[in-house]
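A.B. asks: Here you go, one structure.
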Amino acid sequence: MTETVVVGISGGVDSAVAACLLMKQGYRVLGLNIRILDTPDEHPSLAPSPLLISDHADYQFPVFSLNLSARFSQEVIRYFQADYLAGKTPNPCMVCNKKIKWHGLLEGARLLGAERIATGHYARTASLDGRVRLYKGLDPQKDQSYFLWMLSQNDLNKTCFPLGELAKEKVRELARTFGVRAAEKKESQEICFVPHDDYCRYLELAVPGLKEKVAGGDIVDENGKVLGKHRGYPFYTIGQRRGLGLSSTEPLYVTALDQENNCVHTGNKSSLDTRSLTVSGLNWINNKSLDEPVEAFGKIRYRDRETPCTIAPLPDGQATITFHTAKHAVAPGQAAVFYHDEEVLGGGFISAVNRDR
């Protein structure tokens, strides 16, 4: 019997090529377009979608839509706002992957009677010793494994990544061969629900009275000396230099955001370096838990370079991470993700940063 795969269809070139590759390999493909910015549907259900992915008759397949706007608002937008109001720097894409995309795809597969799901992410999986391992995509410029650390064994067990061993240039080439309508579509780097990628303006409009509540707090130096007033701690980011409105004999950078005292801390560039941080919400992909310290390679942002670190478990899904060499401008709210060679071991959200002195 032909195996059925539900493919997440975003409208971009990657998901379209992933679907076409699976069709070429003999799978029965059904597309699922998850709607996240529509009018919320109180009882989400599958509906036929008019999306046509390819102009080539051999690569046309049914596409369904699933309105998860209410869930997206609850799980992603509220998280995004809450993290900024807590003085953190959120990463909504990885939360969306876990709480929206995989949730929706697995539900779609259940409703459509499909055995597997697939996405256009540049990542790979393999089964070993009865468990699924997650690996980097082979194209180092497009590897998206950093954004997938929250996935569970249940998520990965039914997932395939058709683009995991391909370079972006090859995907574009295949898109033209398959007659994909989005073959020349440019990639978007913006957060989908933040117009013009201006998160400050978004927060001002989304959170009534925010500007009045947070404006006028102190900007202080490393000794606690007041240097000036800020326009609201949520509107600053760790490592920021421009836009502080300060005059100083040396460049000053934002080193910490203190929500409790409505304070923005600053220091010189070296004060942004740290070797120690704490993560929470730890997800250890291949093992059920982390029981003892392990050595790994870690990164603290998408384009960061992985460097050696020691991961020591703490209670309640937390861990202390000690890097062998300093990381720069570590921001609470971002994710630390851990690797062994090409394998993604797991990750967690950065909850505290211990500055080196």
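Cβ coordinates come from backbone N, Cα and C, glycine included.
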A.B. asks: Can you pick which of GLY120, GLY130, GLY137, GLY164 Swiss-Prot lists for the same ATP site as GLY8, ILE9, SER10, GLY11, GLY12, VAL13, ASP14, SER15, ILE34?
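C.D. replies: Among GLY120, GLY130, GLY137, GLY164, only GLY120 appears alongside GLY8, ILE9, SER10, GLY11, GLY12, VAL13, ASP14, SER15, ILE34 as ATP-binding in Swiss-Prot.
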A.B. asks: Quick one, of the recorded positions ILE34, CYS96, CYS192, which Cβ has the fewest other Cβ within 10 Å?
C.D. replies: CYS192
A.B. asks: Out of SER10, ILE34, CYS192, which of these recorded positions is nearest HIS121 (site 'Interaction with tRNA') by C-alpha distance?
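C.D. replies: If we rank SER10, ILE34, CYS192 by Cα distance to HIS121 (site 'Interaction with tRNA'), first place goes to SER10.
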A.B. asks: When you look at GLY8, ILE9, SER10, GLY11, GLY12, VAL13, ASP14, SER15, ILE34, GLY120, which the record names as binding ATP, what is the longest CA to CA distance in angstrom?
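C.D. replies: The widest Cα-Cα gap among those binding residues is 16 Å.
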A.B. asks: What whole-number Å value do you get for the CA-CA distance of GLY12 (ATP binding site) and CYS192 (active site, cysteine persulfide intermediate)?
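C.D. replies: Checking the Cα atoms of GLY12 (ATP binding site) and CYS192 (active site, cysteine persulfide intermediate) gives a distance of 13 Å.
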A.B. asks: Write down the Cα-Cα distance for CYS192 (active site, cysteine persulfide intermediate) and ASP14 (ATP binding site), rounded and given in Å.
C.D. replies: 17
